[in-house]
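Asks: My questions all concern the structure below.
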Amino acid sequence: MRVGVLAVQGAFIEHEKILQNLGVECLELRNGKDARQDVEGLILPGGESTTQGKLLRELDMFEPLREKIVAGLPVLATCAGLILLAEELANDSARYFATLPVRVKRNAYGRQLGSFYTEEQFGDLGKVPMTFIRAPYIESVGEDVEILAKVNGDIVGVRYKNQIGLSFHPELNGDRRIHQMFLDSISGGKSFPCTQKAV
């Protein structure tokens, strides 16, 4: 199995380490040629979403990656990656891939709670460690979006077809369960193409 990891900015190395520990080949996606390579899954890491979005377009990566996501490529998106997937941003007119029918608020916890750690229920996995760093949260979800996790009533994890979007960083705590769940969704072989309007 080969998974592409967006590697233009942000916390991609930590994702790669977990995937490699799980026996998965990683392909760092750094340019348009990389973005057109065949991969069985995609990770959009945390970082700075505005910078990532700008680089995706400048490096000719945006359209090929969006086409793959729309066609049903499994995606795990964390923090800034969630912002890239969101159809709508509550406090920003920008849109990026816009394939995940959720409304996301950037830097939702403000400065005082900009970074924090907790352990909360995540789907069927039980309690998992969650590290939030200037994190967004999901204000609302569209039809058929499964809510996987909440913290203090705020939605911080969702699944829609082949897309998993998280407000937090599962790669920072040494817990592999969320990545394993993502890989299981790939090996399950189900593909759910999106019916999303073009950006």
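Using the three backbone atoms N, Cα and C, a Cβ is placed for every residue, glycine included.
Because the structure is a prediction, the values reported are computed rather than measured.
Pulled these features from Swiss-Prot for this protein:
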- G47, E48, S49, R106, I133, R134: L-glutamine binding site (BINDING)
- C79: active site, nucleophile (ACT_SITE)
- H169: active site, charge relay system (ACT_SITE)
- E171: active site, charge relay system (ACT_SITE)
Asks: Measure from the CA atom of C79 (active site, nucleophile) to the CA atom of G47 (L-glutamine binding site) and give the result in Å, rounded to a whole number.
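Replies: It is 7 Å, counting Cα to Cα.
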Asks: Specify the count of other C-beta atoms within 10 Å of the C-beta of I133 (L-glutamine binding site).
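Replies: Neighbour count, Cβ to Cβ under the 10 Å cut-off: 18.
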Asks: Applying the rule Cβ within 8 Å of the centroid of the Cβ atoms of G47, E48, S49, R106, I133, R134, what extra residues of the same chain belong around the L-glutamine site?
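Replies: For the L-glutamine site, the extra neighbours are G10, G46, C79, A80, I83, N107, A135, P136.
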Asks: Near E48 (L-glutamine binding site), which residues of its chain come within a Cβ-Cβ distance under 8 Å, counting only those 6 or more away in sequence?
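Replies: Looking at Cβ-Cβ distances below 8 Å from E48 (L-glutamine binding site), excluding near sequence neighbours, one finds Q9, G10, A80.
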Asks: Compare the Cα of R134 (L-glutamine binding site) against each of the active-site residues C79, H169, E171 and report the nearest.
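Replies: Among C79, H169, E171, C79.
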Asks: Near the Cβ of R134 (L-glutamine binding site), how many other Cβ atoms are there if near means within 10 Å?
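Replies: Neighbour count, Cβ to Cβ under the 10 Å cut-off: 17.
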Asks: Of all the Cα pairs drawn from G47, E48, S49, R106, I133, R134, the residues the record ties to L-glutamine, which distance is largest, in Å?
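Replies: That value is 13 Å for the farthest Cα pair.
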Asks: In whole Å, how far does the CA atom of C79 (active site, nucleophile) lie from that of H169 (active site, charge relay system)?
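Replies: Pair distance, Cα basis, whole Å: 7 Å.
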Asks: Name, in the order they occur in the sequence, the residues of the same chain whose CB lies under 8 A from the CB of R106 (L-glutamine binding site) and which sit 6 or more residues away.
Replies: S49, I83, L89, A90, N91, D92, P136
Asks: Please report the three-state DSSP label of S49 (L-glutamine binding site).
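Replies: The residue in question, S49 (L-glutamine binding site), is helix (DSSP, three-state).
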Asks: Please work out which residue of G47, S49, C79, H169 has the most C-beta neighbours within 10 angstroms of its C-beta, and give that one of the recorded positions.
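Replies: Its Cβ has the most other Cβ atoms within 10 Å: C79.
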Asks: Once the chains shown are all counted, how many other Cβ atoms turn up within 10 Å of the Cβ of E171 (active site, charge relay system)?
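Replies: Other Cβ atoms within 10 Å of E171 (active site, charge relay system): 27.
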